[in-house]
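J.: Quick one: this structure, given as structure tokens, is what I'll be asking you about.
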Amino acid sequence: MGTKTYNPYENMVAVLEQAAEKLGLKPDEYETLKYPERELIVSIPVRMDDGTLKVFEGYRVQHNSARGPYKGGIRYHQNANQDEVKALAAWMSFKCAVVNIPYGGAKGGIKVDPTKLSRDELIRLTRRYTTRILPLIGPDQDIPAPDVNTNGEVMGWIMDTYSMFKGHSVPGVVTGKPVEIGGSIGRAEATGRGVTIIAEKCLEDLGMEPQEQTYAVQGMGNVGGTAAKILYEEGKRVIAVSDWSGGVMKREGLDIPDILAFLSDRSKALKDYEKEGTEHISNEELLTCKCDVLIPAALENQITEKNAAQIQARVIVEAANGPTAIEADHILAERKITVIPDILANAGGVVVSYFEWVQNIQSMAWELDEVNQMLKKVMLKAYHDVSNMSKEKSSTMRMGAYMVAINRITTAGRQRGGPISMA
Ligand SMILES: NC(=O)C1=CN([C@@H]2O[C@H](COP(=O)(O)OP(=O)(O)OC[C@H]3O[C@@H](n4cnc5c(N)ncnc54)[C@H](OP(=O)(O)O)[C@@H]3O)[C@@H](O)[C@H]2O)C=CC1
Ligand SMILES: O=C(O)CCC(=O)C(=O)O
């Protein structure tokens, strides 16, 4: 799906330019933000279980470090590519600035379909990738975390490989680790939880009672699955969900725990889910279904100029990174559909990653209540800042979020003596 010419990096630059102009910045003041500070492409040879050798391509892109060490996830996906990782790295810089945590932005990826690899092959791939990016990462330098098709287990392998090279355990080199080896309680659910916090606040602002709305979620992975589960637990009506294979719908509300239990068997997909009263829909139908709140939680470029006019939701909360193409943004704005942008809506993950890193540095372990309360506080403060900026500049929430981010990053750059960080 999506337009043929979509390029996430060009999309990011176009949005950045619009926001910087709206802020009244001169091109020189934000030019640096169009480019990553550092890009690394690596080859990753892996001995497969059948004895053959395969070489995979991997990336780590460091976008900006004006506000602190680089921070951002690692994605394993067959379509991962340099421009995608460049865009994702820039979005991390903007996201960390929007929620005002002391990080810059980075992202990594490997062009691989992980479902085609055995667990042992994945371990070898991850360990070799870690050694390839080792000169760039470190707890004060660049701190990876999970993203699409990576999880706590993969972070554990990265931490172990890095620690082997250092000769001692370095938990702070990655976040999103299993709790037993220094991960933060609440990190695995944090992105989805943050999405629900922001959705609720936005609905309240619009005068829509959150409990009375219907919700549709695209993607039932870490982020979409958790958001759907929390909404269900809060008694809200999730009427449609999907994964790569397609979606399911029930207007009275889906049984989300039953769906998640079904999907916990990794060999199962939603196209095979059968339950009385539940109908099958395509991903396209999910995006354009009649609902109040649409939560895209899969990949980029799902809401495009081709389907934006058909979207029936009143509010879109972007749980995925980059789900909306810039052309669609204009159509949605004209149609008065409120879009809560990714760099605000899905920032809960990196916020709790920050808490995890702080716990690692202090050798502390916080309680779940403490983590969730702090998460809520940071998310609501960010929402408030973005909302105020968009009101002040009569703009969309996306423009508001970008303006908050650009302001904070360029200010940090100036305070360090350059237009932007000269690190
Ligand atoms: N993990 C995190 O903490 C954070 C993630 N994000 C962003 O959230 C999004 C989802 O990430 P995450 O949940 O971690 O990833 P996961 O790998 O856990 O889940 C991805 C989900 O998206 C589904 N999916 C993939 N392609 C499509 C498609 N074309 N149509 C519908 N569904 C699809 C997958 O289906 P299937 O299982 O069938 O492949 C899966 O359910 C990404 O954009 C990511 O960058 C943002 C902030 C933090
Ligand atoms: O937790 C993190 O450090 C980053 C998560 C991530 O990759 C993202 O927010 O897109």
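Each residue, glycine too, has its Cβ placed from N, Cα and C.
These figures come from a predicted structure and were not determined experimentally.
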J.: Given that TrEMBL assigns K95, S353 to the substrate site, pick the one from K71, K376, K377 that the record assigns to that site as well.
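T.: Only hit among K71, K376, K377 in TrEMBL's substrate site, alongside K95, S353: K71.
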J.: Which residues in the same chain, at least 6 apart in sequence, have a Cβ under 8 Å from the Cβ of D147 (site 'Important for catalysis')?
T.: G72, G73, I74, R75, L88, K107, G109
J.: Around the recorded substrate site, report the further residues of that chain (criterion: Cβ within 8 Å of the mean position of the Cβ atoms of K71, K95, S353; site residues excluded), sequence-ordered.
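T.: Leaving out the recorded residues gives G72, G73, M92, C96, I101, Y103, G105, A145, A347, G349, V350, V351, Y354.
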J.: Around K71 (substrate binding site), how many other C-beta atoms are within 10 angstroms of its C-beta?
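T.: A count of 29.
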J.: Let me know how many other Cβ atoms fall within 10 Å of the Cβ of K107 (active site, proton donor).
T.: 31
